[in-house]
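So that you can see what the record holds, here are the features copied from TrEMBL:
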DOMAIN    186-265  domain 'Wax synthase'
TRANSMEM  34-53  transmembrane segment
TRANSMEM  60-77  transmembrane segment
TRANSMEM  124-144  transmembrane segment
TRANSMEM  156-181  transmembrane segment
TRANSMEM  230-251  transmembrane segment
TRANSMEM  290-312  transmembrane segment
TRANSMEM  349-371  transmembrane segment
Amino acid sequence: MRHAAAAVPLATTVAMLYARLAASLTGPGPRRLAALLPAMALLPVLPLALPYYSYRGFSAFVFVWLGEFKLLLLAFGRGPLYPALRPLPFVFTAALPVKLVDAAAAAAGASASRPPPAAPAATFKFVVSSAVKVGAMAAIVRVLHAKEEMHRYAAFSLNAVFMYCFLDVVLPALGAAGVALGMEMEPQFDRPYLSASLRDFWGRRWNLVASAVLRAAVYDPVRARSGAPAAGVLAAFLVSGLMHEVVILYLTSRAPTGRVTAFFALHGACVCAERWWCARRRRREARPPLPRAVAAPLVLGFVAGTAFWLFFPAIYGGGMDDLACVCVERWWCARRRRREARPPLPRAVAAPLVLGFVAGTAFWLFFPAIYGGGMDDLYLAEIAGFAKGLGLGGSWTGENEF
């Protein structure tokens, strides 16, 4: 537990490098699947090594759901991973909830798509958005201290906003790290509060990495086998519900209740019904879809209402939100005890070390850029000219007779 913060990433990196090697030595099919089984067997164990339940929940989403599905797709030559990827992009994509941009698709749609925003503007927007969300999360944690005095649904609403802010800070930050390492990443969220339909919400705006994995692993095979898009939609939502149950099992250590699976099964049926109704309405009445200003509140209201009924009680009910606060307090207190157990160095020792480090790095990198190449002589000549103008004479130029 103590060294899990270093052991889990190291074990994940080794497992994914092994998966890349195994995939490069075998062709798609049962042989590659058998070669990948050691890595696939390791991933469900990794979240159990983490000490706090919130860490276990997020790592279960990353490893047990997305990681297992990505390796399963790799075994049959599908999905976002392929052996020709360089080691760094392969490990980054396999071990984290990110997805590389498809170069062929991006090139095909480059002419039709709008140009991407300038990098400084996108970076500024990301920093401001993340700062606002972090501030919102801090405010929510403070407000939730008075949870006993508020309505149950009000607490669920705050927890829902906290969860969205957390995901929309952490996942884009991981994508930004990939961009900084030279990889082009697809976005994880696309303003879900502007969704004009349930299909728009689940398929194009909310948790797009999970949507892409489910589309490749469940929707496409079921649709190809059955010939019915509705069957693929229902299967994808059912699998999503089951995997959410697994993540919540890691999160709460409680037996699944089936309510989360019911939530996603309900939304899958509603997506199919919405698709049928919109197609029928367009054929019969040729009416345009509802304006986004009307449709978005209806969609978000339906998602929120069903989540309050089925989804949030499974995650935050039964005191699990209090357990989250306890875990945060335990982490903070342990960190504080470790820091207080080791008093800082005396100032008489620390000050020379700090100043020596600053001076040494300045002599190495800073001063040569300012005074190197004869710039110090130029500065002295300018000072001497200024001194002569003030009538100070040779006392500034080294020409003093005395």
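Every residue number used here counts from 1 along the chain in the order it is shown.
In case you wondered, yes, glycine gets a Cβ from its N, Cα and C as well.
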Under 8 Å Cβ-Cβ from the transmembrane segment (156-181), and at least six residues away from its ends along the same chain, one finds 58, 88-89, 92, 96-98, 100, 126, 129-130, 133-134, 136-137, 140-141, 143-144, 187-189, 192, 207, 209, 304, 307-308, 312-313, 315-316, 321
Mean per-residue pLDDT in the domain 'Wax synthase' (186-265) works out to 90
The domain 'Wax synthase' (186-265) resolves under DSSP into 61 helix, 0 strand, 19 coil
